[in-house]
Structures are given as C-alpha cells and as structure tokens.
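Worksheet for the structure shown next.
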Amino acid sequence: MASASRKELISKVYKMIPPMLESFHKGQLGRVAVIGGSEDYTGAPYFSAMASAKLGCDMSHVICEPGAGAVIKTYSPNLMVHPYMRQSKNLASSESVDTVASEVVGMLSRLHVIVIGPGLGRDKLMQDTCAKVIEEARKQNIPFVLDADGLYLAQTRPELVYGCTECILTPNVVEFGRLAKLKGVNVDEGDPSELCSKLAKAFGGVTIIQKGAKDYISNGKFTLVSEGEGGLKRSGGQGDTLTGSLATLLAYRKAYHDKIWDHEGDMEPAETLALAAFGGSAITRECSRLAFKEKGRSLQAGDLTEHVHTAFLNVVGEKEAK
C-alpha cells in the first residue's frame, strides 16, 4: 500500500464512508468525545469536536473541566459538553482521581471513538484521569487519538499505548523527536517514512501521523505519505481539526466493519486504520488550503471549521444513497 497512488488510497477511504440511508438511526454515524479543555485552553476541544461534527459525526461530545465547560457551551449549542474533568486545585474534598475517572469511564460504552489531549494541559490530575480512561478504552476496544498534551502521556507512560493497534498518535516534528528519543530511534538517520514506521513498531504497532510539510503515516504494516497542498499559515489549533476529522473517520471505520450497510467488506482493520489516518490528513490539508485561500495571513484555527465539509467533498466526495 506504500506505493499506492493518492487516487487509489482516496478511493479506499471512500469505500469506508457510510452512505446516508433512511434506515439509519441517531448515533450510527458516529458518537465521538473529545477529552481535554482546562482553565487555560478552551478553544482546542471545541475545534476538534466541531470538526468531527462537520465531517458528519452524529453526536459530538466534549468532556472537560467545569470552568472550560461553561465557556465551551457558549461557543456552540451543537456540542454536548460534560464538565467531568478536574484540575488538581479544583478537586473537592469528596473527590479523588478514581471518582473523577469513573464519571468519564461511565460514558465510554456510549462512544465509538475518543480524542484525548486538546486543551488538556499537564496538570497531574488531568493526566492521571486520562491514563485511567485510556486503560479502560483499551479494555473496551474503543479507538482513541492522542494529540498535544495527550501525547505527553505516551511520552511519560508509554505502556499506556504500547501494543495498541486501535490508537493514533499525531505528533508534530518536535513531539515526534521526543517519542523517538524515548524509544531509541535516531531521527537523523533514514528516510522520514522509514522513521515513522520504525517508531510505530517500537510502540508495538500504534498508528503515527507525523505532521509537517508532508504527513508521514505508519502503523508498521502500512506506511503512507499525505502530501496534498495545505495553507501556508501556521496558526495554532489547526491540528485540532485533524484530530476531530480522524475521530469521525474512525467512527465510520467502525460502521464499515460492523457492516451497517451492504458493501464488499474486503478491507482488514489494520488497513482501514491507516486509511482513516490518511483520509483525516488529506481532508485537513485541503481544509487548510481552502481557509488560507480565503483568509491568507489572517487565518485562524476557527477558519478551518467552516471548510471541513467542502474539504470532504473535494477530497473524498459524497455517496449517493442506493
């Protein structure tokens, strides 16, 4: 698949996208939660959850700290916001990491995919809570995406993700370097695709998207390069559109493997995970291109949100209901 053309890869992503059928009910086309959002960072979880919604996820949740929740609720009435997370300084005497985590873990059975990291911060309680959520998500076989301060968990507690073939890490060049150093992978030697594959294998088969001028994607079995044109503005928060897009595509992947519509079913889970990663990257890059074309130097992360659907139509295309 490494040598497959972009057109071939996108056609496979297209196969994984559910059509819009009258017979579907609410929630079948995706139930996603973004876990993050702290006192200092309220934008990131919003951008991620909104990208998942704009890409067609039926139900997009944000699980965050109460202070962040009150703010995020004012951004959009379309998101369901749950103020279950706690920062250490705001923990009530009757609460503990276990009681906080149990609230979040209690939601997992209703979810298809989780994103951990947007606006999370490095607070110990926030990090410890997410560690418990990851452990439980793995037990329940719920795919997850780690970004930003969620990647700090992979760096400081690599056993949380080691061997998990149902997770995607989305490091930038600096974050990739930290993870590589942890695993003894020399980033100065070898082709970037090979390095990405080597690091994915060192983590036991996780999927890694190394973001950059080109996005390098690998889970050790499949290695892809996403190099569609993007925008030239590097404002913070654009990676949140990627994580939300990935979450929806992972939910679509579940629908594909659950065969909620009639299709050939000829792709195996390791391949569809790599395809979800490639599709998310391709859509986000096109989204960035469209937003930059319109906004230029003034582009902000929020400008990408309104282009997610158009980017999907341009890159993948809509399915006609049969």
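Heads up, the Cβ atoms here are built off N, Cα and C, so glycines get one too.
The domain 'YjeF C-terminal' feature in TrEMBL is assigned to 9-315.
For Val173 ((6S)-NADPHX binding site), the same-chain residues 6+ apart in sequence whose C-beta sits under 8 angstroms from its C-beta are Gln210, Lys211, Gly212. Annotated (6S)-NADPHX binding site per TrEMBL: Gly119, Asn172, Val173, Val174, Glu175, Phe176, Gly177, Arg178, Asp240, in sequence order.
The ATP binding site annotation in TrEMBL covers 211-215, 230-239. Using a 10 Å radius centred on the Cβ of Gly237 (ATP binding site) and all shown protein chains, the other Cβ atoms total 21.
Under a cutoff of 8 A between CB atoms, and with a sequence separation of 6+ in the same chain, the neighbours of Lys233 (ATP binding site) are Phe292, Lys295, Gly296, Arg297, Leu299. In this structure, the C-alpha atom of Gly237 (ATP binding site) lies 10 angstrom from that of Gly119 ((6S)-NADPHX binding site).
Sparsest Cβ environment among the binding-site residues Asp215, Asp240 (other Cβ atoms counted within 10 Å): Asp215.
Counting neighbouring Cβ atoms within 10 Å of each of the binding-site residues (Lys211, Ala213, Gly231, Ser235, Gly239), the lowest count belongs to Ala213. The Cα atom of Gly119 ((6S)-NADPHX binding site) lies nearest to that of Gly239, taking the binding-site residues Ala213, Asp215, Gly231, Ser235, Gly239 as the candidates. The Cβ of Glu175 ((6S)-NADPHX binding site) lies under 8 Å from the Cβ of Leu151, Gln155, each of these being in the same chain and 6 or more residues away along the sequence.
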